[in-house]
Amino acid sequence: MNNDQYLLAIETSCDETAVAVIKNETELVANVVASQIESHKRFGGVVPEIASRHHIEQITVTLEEALQEAGMTLDDMDAIGVTEGPGLVGALLVGVNAAKGIAFARQKPLVGVHHIAGHIYASRLEKEFEFPLLALVVSGGHTELVLMKGHNDFEVIGETRDDAAGEAYDKVARLLKLSYPGGPEIDKLAAAGEPVIDFPRAWLEEGSFDFSFSGLKSAVTNKLHNAGQKGEEFRPEDVAASFQESVVEVLSTKTKKAAAAYGVKQVIVAGGVAANSGLRARLLETFQETGQELLIPPLKFCTDNAAMIAAAGAVAYRQGHRAGWDLNAHPGLDLEEYGKRGRN
Amino acid sequence: MNILAIDTSNYVLGVAVIKNREVVGEWVTNVKKNHSVRLMPAIEQMMRETDTSPDELDQIAVAHGPGSFTGVRIGMATAKSMAFALNIPVVGVSSLEVLARQGTFFKGLICPFFDARRGRVYTGLYDEEMNVVMEEENIDMKTWLERLHDMKQSVLFISQDESAFREMIEQELGERAVFPGAAHRYARPSYLALSAMKKPASSLHTLMPNYLRLPEAEQKWLRQKEK
Ligand SMILES: [Zn+2]
């Protein structure tokens with residue numbers, strides 16, 4: 001009797017059409033990502049309708065490729081997982097309905113997965129979780145500190161009160177006239193610059209693990225504007241380095257304090273901004289000192305992919321979480337509420 | 001030959017099961033409710049009521065638009081993934097052609113249309129044998145009606161958005177404009193399945209929605225490029 005568990009997962013929440021197959025929660029068998037980044041470049045950001053159109057064009061191709069890569073058929077799957085939210089509603093709908101179509105056609109259980117849970121579980125593809133753990137989630141839409149005391153047990157202990165860190169990156173990239181997506185471009189520039197400008201750090205009130213990046217965003221705007229009027233000029237490398245220094249210092253300091261306050265065993269960095277080399281280096285330094293284990297997924301698992309959805313979905317499936325045929329896309333799905341489903 | 005037909009391209013949610021050319025089940029609602037939530041439960045119930053298991057299906061038929069962008073994609077994602085999972089053919093049929101079939105017994109030209117906002121419509125023209133007389137397009141209704149006027153034949157107008165355009169149509173075509181009763185203004189998924197039977201199977205990966213309209217951002221981008 002074969003007790004291996006296989007789950008196929010679909011991710012279409014933003015601008016990547018992705019399908020993955022996972023074995024026993026942590027062994028990746030196939031991972032296919034069709035990126036649309038080139039199609040959105042000329043618009044300077046993701047256009048939801050265009051993203052949705054690409055998803056419907058790519059979905060069956062990506063499914064076929066993933067099964068080929070796995071050398072398996074749908075018969076071998078125990079369940080189908082899909083990103084249910086958060087994300088762009090039109091984009092999510094393609095994945096959700098494709099997942100339902102497959103699950104119904106082959107009479108397989110269906111599991112809805114939270115996108116951020118996926119980003120966190122990307123780290124489990126590399127190393128087994130040890131609880132309690134703390135996840136710093138940083139992406140275009142999210143900046144959160146999430147405490148986990150067990151599988152699918154999420155407590156958001158800090159979150160952004162205005163902009164996500166990724167949004168600030170995009171805004172500053174536009175000010176510096178960098179190409180889309182701006183985050184990696186700033187990271188590259190920053191490496192060649194010096195943090196000579198003292199941009200503000202939003203610490204908020206004592207003991208708070210919340211974030212705020214809108215003040216930093218306007219500080220950069222004003223600084224560049226005023227300099228321009230006085231005929232001064234900053235090297236873009238130095239602006240990028242100074243901006244990144246401010247973001248990285250706030251993120252790493254708050255993460256360090258939260259990790260100490262909750263006595264966690266592991267610290268996970270998740271989301272697209274986890275690919276940032278400045279942030280990676282600072283966090284490595286920080287947690288070398290404290291001795292807490294730092295898990296940062298490899299670059300390919302930081303950006304959106306289905307391997308992470310499969311990793312999170314397989315745990316939800318084991319915990320008994322099942323979606324009905326009326327599963328919908330939930331662009332504002334709450335992480336804590338989502339986690340409770342599987343455990344009830 | 002068992003066919004499952006799926007239409008979520010407009011307000012109508014239609015699901016039908018056809019077995020050996022016989023319509024054994026057909027479900028139509030015409031309410032402004034979420035297709036994504038209701039489609040799969042509707043399919044599940046229809047298949048159960050008609051004692052059809054998914055692996056007994058031989059073909060999926062789907063309305064590929066024009067219509068609501070999101071609505072079209074919900075039907076297409078479902079149809080394409082089911083066809084993929086069951087390894088059976090999928091056939092895409094124009095949402096306008098499906099609607100035109102409501103005029104099956106009409107002697108003359110048949111003009112189905114959907115409101116595309118700002119005086120425009122998604123429309124096409126068919127003869128009584130369902131041959132395409134004028135290709136479907138996204139067009140200003142006034143311009144379209146002028147073309148129909150020149151054809152000097154009776155035209156049956158089939159649309160849920162009839163009332164918004166009826167005056168304009170009657171002005172242009174007078175007595176040659178014919179309107180069916182309310183029961184004929186909605187696409188039926190059984191007609192979708194029967195249309196699909198007459199067409200070759202689409203290629204799974206290349207079957208795409210037929211939006212008849214570029215995304216807003218792309219229209220804007222093209223306009224700027226022209227300047
Ligand atoms: Zn993401």
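One-based numbering along the chain as shown.
A Cβ is built for glycine as well, from the same backbone N, Cα and C atoms used for every other residue.
Any TrEMBL annotation is an automated prediction that lacks curation.
Taken from TrEMBL as is:
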type: DOMAIN; residues: A:27-310; note: domain 'Gcp-like'
type: BINDING; residues: A:His115, A:His119, A:Asp304; note: Fe cation binding site
type: BINDING; residues: A:Val137, A:Val138, A:Ser139, A:Gly140, A:Gly141, A:Asp170, A:Gly183, A:Asp187, A:Asn276; note: substrate binding site
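Among the binding-site residues A:Val137, A:Ser139, A:Gly183, A:Asn276, A:Asp304, residues whose Cβ is positioned under 6 Å from ligand 1 are identified as A:Ser139, A:Asp304. Listed in sequence order, the binding-site residues near A:Val137 (substrate binding site) (C-alpha within 10 Å of its C-alpha) are A:His119, out of A:His115, A:His119, A:Asp304.
Same-chain residues that are not part of A:His115, A:His119, A:Asp304 yet have a Cβ within 8 Å of the Cβ center of the Fe cation site turn out to be A:Glu11, A:Ser13, A:Cys14, A:Thr83, A:Gly87, A:Ile116, A:Gly118, A:Ser139, A:Gly271, A:Asn305, A:Met308, A:Ile309. Among the binding-site residues listed (A:Ser139, A:Gly141, A:Gly183, A:Asn276), A:Ser139 has its Cα nearest to the Cα of A:His119 (Fe cation binding site).
The two recorded residues A:Asn276 (substrate binding site) and A:Asp304 (Fe cation binding site) have their Cα atoms spaced 15 Å from each other. Comparing CA positions across the binding-site residues A:Ser139, A:Gly141, A:Gly183, the one lying closest to A:Asp304 (Fe cation binding site) turns out to be A:Ser139.
In the three-state DSSP assignment, the secondary structure recorded for A:Val137 (substrate binding site) is strand. When the neighbouring Cβ atoms lying within 10 Å are counted for each of the binding-site residues (A:His115, A:His119), the highest count belongs to A:His119.
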